[in-house]
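Q: According to Swiss-Prot, the active site, proton acceptor annotation covers Asp89. Per Swiss-Prot, active site, nucleophile is recorded for Asp271. Per Swiss-Prot, the feature substrate binding site maps to Asp89, Ser90, Gly91, Gly92, Phe93, Asp143, Gln194, Gly221. Residues or ranges marked as Zn(2+) binding site in Swiss-Prot: Cys309, Cys311, Cys314, His340. The region 'RNA binding' annotation in Swiss-Prot covers 252-258, 276-280.
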Amino acid sequence: MYTLIKKCGNAKRGRFETPHGTIETPVFMNVGTLGVIKGAVSSMDLKEIGCQVELSNTYHLHLRPGDEVIKKMGGLHKFMNWDRPILTDSGGFQVFSLAKIRKIQEEGVYFNSHIDGRRIFMGPEESMRIQSNIASTIAMAFDECIPNPSTREYVENSVARTTRWLERCKKEMDRLNSLPDTINKKQMLFGINQGGTYEDIRKAHAKTIVDMDLDGYAIGGLAVGETHEEMYRVIDEVAPIFPDNKPLYLMGVGLPSNILEAVDRGVDFFDCVLPARNGRHGHVFTKYGKINLMNAKFELDGNPIDEGCECPACKHYSRAYIRHLFKAKEMLAMRLCVLHNLYFYNKLMEDIRKAIEGDYFKEFKEEKLHNWSGKA
């Protein structure tokens, strides 16, 4: 159940109760595609850096180790030793972006695994069964992530099919949650809004999925090539359609500036591989923007990555030392920078929640955007 605690303009401060604990929103979900954050970050680390929700990938976990293996191990929470909420995406995005030789039909999608080339079928029922085996807290509906740009006719047909798939997802989840051997009988379902950059299609689809009375809703199909202005325009159009008593998730959008703009438009949930991926390459976020620790100017820099940051890297090591680790190709370099970036994001969300509660989110947003626009 989602409770709206406070609004500051359109920005929402909420609390989402789940079978695996409470999620304070707005929230950034830390992405562990295969049940782990890339960069040697453990579940214990995630708790220490303030992670509330871990996001894993249905497509990848289905391929390895296999969702049946995870079910036999008691579900993903037990498998990865994580007792807080987990959201699994449906696998749709990966099917349409990674998989080879796709064939879309009404029943689902036939594709070849990007790992070993074997032929696989995934449709709404299969996605729900896999996510039920994984036993995540929140399951995402199976949808088609529409390529950008696409013709209006293609988008209309795709959205209509995604709606039919959502109805099948809901029916299958209700069935799975009633079975005696289901691990998480209270698994939640979020529906995904699609429609490309066609505002009227987006709005009509949003109204349709709201009528299905799901546990939450997501805006999908963005951050796939459109401009930031186009993305914000889509959010402006559809966010007001979604109810204030349900969480709203903007999928795959993760620049700090994007997060602030989307929070200002009523979004609650975020995820992105960006902080971990950047960290693995020495690109780290600070209160004054992003820096590249590989740059020569940091060779003798005795300061922490970000002055005042309480992450494990900043509390114990200098920019110069971490740069040395990267140059020496030591794994610790990646680990420290990934931990820092995830801490930065989790702390940003905590500060956003405080700003909404304190009625100063507009000022907070303007200050952050101004600071990030300069050179660190």
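Start at 1 and count along the chain as shown; that gives each residue its number.
Note: Cβ is positioned from N, Cα and C throughout, glycine not excepted.
Remember, it's a predicted structure, so these values are computed and weren't measured experimentally.
Tell me what's around each of these sites.
A: A strand conformation is recorded for Asp89 (active site, proton acceptor) in the three-state DSSP classification. Sequence-distant neighbours of Asp89 (active site, proton acceptor): residues of the same chain at least 6 apart with a C-beta under 8 Å from its C-beta are Leu55, Asn57, Thr58, Met140, Met251.
Secondary structure at Asp271 (active site, nucleophile), taken from DSSP and collapsed to helix, strand or coil, is strand.
Cβ neighbours within 10 Å of Cys311 (Zn(2+) binding site), excluding its own Cβ and spanning all shown chains: 24.
In the region 'RNA binding' (252-258), the DSSP tally of helix, strand and coil residues is 3 helix, 0 strand, 4 coil.
The average pLDDT computed for the region 'RNA binding' (276-280) is 98.
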Q: DSSP says what for the region 'RNA binding' (276-280): how many helix, strand, coil residues?
A: 5 helix, 0 strand, 0 coil
Q: In terms of DSSP three-state secondary structure, what is the assignment for Cys311 (Zn(2+) binding site)?
A: coil
Q: At the Cα level, what's the spacing in Å between Phe93 (substrate binding site) and Asp271 (active site, nucleophile), rounded?
A: 14
Q: Within 10 angstroms of the C-beta of Asp143 (substrate binding site), what count of other C-beta atoms is obtained when all protein chains are considered?
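A: Total other Cβ atoms inside 10 Å, all chains included: 30.
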